[in-house]
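TrEMBL lists 21-39, 51-69, 81-101, 113-133 with the feature transmembrane segment.
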Amino acid sequence: MAYSLNDLYQPLRNVMRINGAVVGLLLGLALLLLPRAVLSDWGIPLAGETWPLRSTGALLLTYGLHAWLAAREPIITLASLVHLLVTNGLLALVLLVAYLQGELAGLHLVGRLLLIVIFALCLAGTLAPLPYLRREQRA
């Protein structure tokens, strides 16, 4: 049913795949594996240890894998919907607060544009499960 034309979850599956690939896998792998010099060239402030940044990359990687694999399920469960909603909502909130506090001022133009794209994807990932949550509550 995941690939049929009458799949009710198709818009949500698309959002889950895109978020899983871009936010989870690409950004997670970048934060986890890129050398310190490359990250500082991007404008990411690295005052001390890099383990908080590496652990954030690992967590984003696990989020991406979960979103990617959950999008392949025939029926997306309530647990996956809540996980998608909370994870994307918190990521969007963290980026918004960091922007409002001026913590992203050190980023280069490319880094800022990338974070705007990530924020938009997280916002879409927060809003996409809402209609399906209402369906779950009615059932």
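Quick reminder: no glycine exception, Cβ is built from N, Cα and C everywhere.
A TrEMBL annotation is a machine prediction, not a hand-curated record.
In terms of C-beta pairs under 8 Å, the stretch of 21-39, 51-69, 113-133 lying closest in packing to the transmembrane segment (81-101) is 113-133. Remote same-chain residues near the transmembrane segment (51-69) are listed as 16-17, 19-21, 23-33, 39, 44, 80, 83-84, 87, 125 (criterion: CB distance under 8 Å, separation of at least six residues from the stretch ends).
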